[in-house]
Amino acid sequence: MAKEKFARTKVHMNVGTIGHVDHGKTTLSAAITSYCAKKFGDKQLKYDEIDNAPEEKARGITINTRHLEYQSDRRHYAHIDCPGHADYVKNMITGAAQMDGGILVVSAPDGVMPQTKEHLLLARQVGVPSIIVFLNKVDLVDDPELLELVEEEVRDALAGYGFSRETPIVKGSAFKALQDGASPEDAACIEELLAAMDSYFEDPVRDDARPFLLSIEDVYTISGRGTVVTGRIECGVISLNEEVEIVGIKPTKKTVVTGIEMFNKLLDQGIAGDNVGLLLRGVDKKEVERGQVLSKPGSIKPHTKFEAQIYVLSKEEGGRHSPFFQGYRPQFYFRTTDITGTISLPEGVDMVKPGDNTKIIGELIHPIAMDKGLKLAIREGGRTIASGQVTEILL
């Protein structure tokens, strides 16, 4: 059956659910697609289709970020269901790097939990512009005063990570809204959430003037057709049969884009902000991997050594409890890459303490596509310890 063409009739926006494990992110994602399927005829995804990997089903948790789509009155949304499980924050980082707005899910009976804060911190670091809160499982809280306390706690957490205290907080039960035959009262919270997203999230400004760049998130083989890479177009425009380079980690390789898809619909061109799958000519799956980029030939080069300005998180912000020294070897996160590197400190600086702002020189074990201004996070032992951006390319 021939695939249908993707029609750009509404503003396209990338959003996602973040929050602590078991607070109801995936249930809410399923409830939204269910509501929009009824209202607009979109495809509905059931909970167990979103938690789609065998390990996720067995453990009942989301590990890999999952992309969904639905539409509201104003927009076409691409929705990322982000994992809440601590081991999988790496995927949260790459998922959040694609968000134009975030939906923070907080369970009313539990309130703000450690991962709620970690996800807010990550959202701030990777540049999610604004957050809406869905206060879930409110049917399990009988005391209105307790709900008010949780709401206040959520607003404090938002303000603590640089988001607005006036953020809309939508209250409801995603589980009740998801049930077949949910009453209009039970489904009202989803309608309210979509209306809040349409009005509170600003239309994203797309960077389509700069040369094309897509950060590779996943690689697939489609039998009989070839290798497909998926990811979000960071900037620029890509058209069918255009030449691109695969840059970073391995030697740079040229190829041609022979197919462009978004949510199983065909595109003639992909533009900045689109989550797409690109079919590459003559590329074996082994030759390309997550963390590389596809780019306009000659527009970006791979580098291993750079200068960066970083802020080191304090203990209170979830960072290290002690300083680090010359030769420190953490994990550097750039776009969808995480890679080991060594830190050299400026002359006359012996150590860097939590809470410090400092210049560093980073040297990576593999080259990655890099230019001035690229944002980075530094992580160690499962937590973010610093964030910043590249100020100079050295090698």
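Each residue, glycine too, has its Cβ placed from N, Cα and C.
Note that the coordinates shown come from a computational prediction; the quantities given were computed from them, not determined experimentally.
Feature annotations, reproduced from Swiss-Prot:
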BINDING   19-26, 81-85, 136-139  GTP binding site
BINDING   Thr26  Mg(2+) binding site
DOMAIN    10-205  domain 'tr-type G'
REGION    19-26  region 'G1'
REGION    60-64  region 'G2'
REGION    81-84  region 'G3'
REGION    136-139  region 'G4'
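Across the region 'G1' (19-26), the DSSP tally of helix, strand and coil residues reads 2 helix, 0 strand, 6 coil.
In this structure, the C-alpha atom of Thr26 (Mg(2+) binding site) lies 10 angstrom from that of Gly19 (GTP binding site). Assigned with DSSP, the residues of the region 'G4' (136-139) fall into helix, strand and coil as follows: 2 helix, 1 strand, 1 coil. Here the region 'G1' (19-26) has a mean pLDDT of 82 out of 100. Neighbour density for Lys25 (GTP binding site): within 10 A of its CB lie 28 other CB atoms from the protein chains shown.
With respect to Cβ neighbours within 10 Å, the binding-site residues Gly19, Asp22, Thr26 differ, and Asp22 shows the lowest count.
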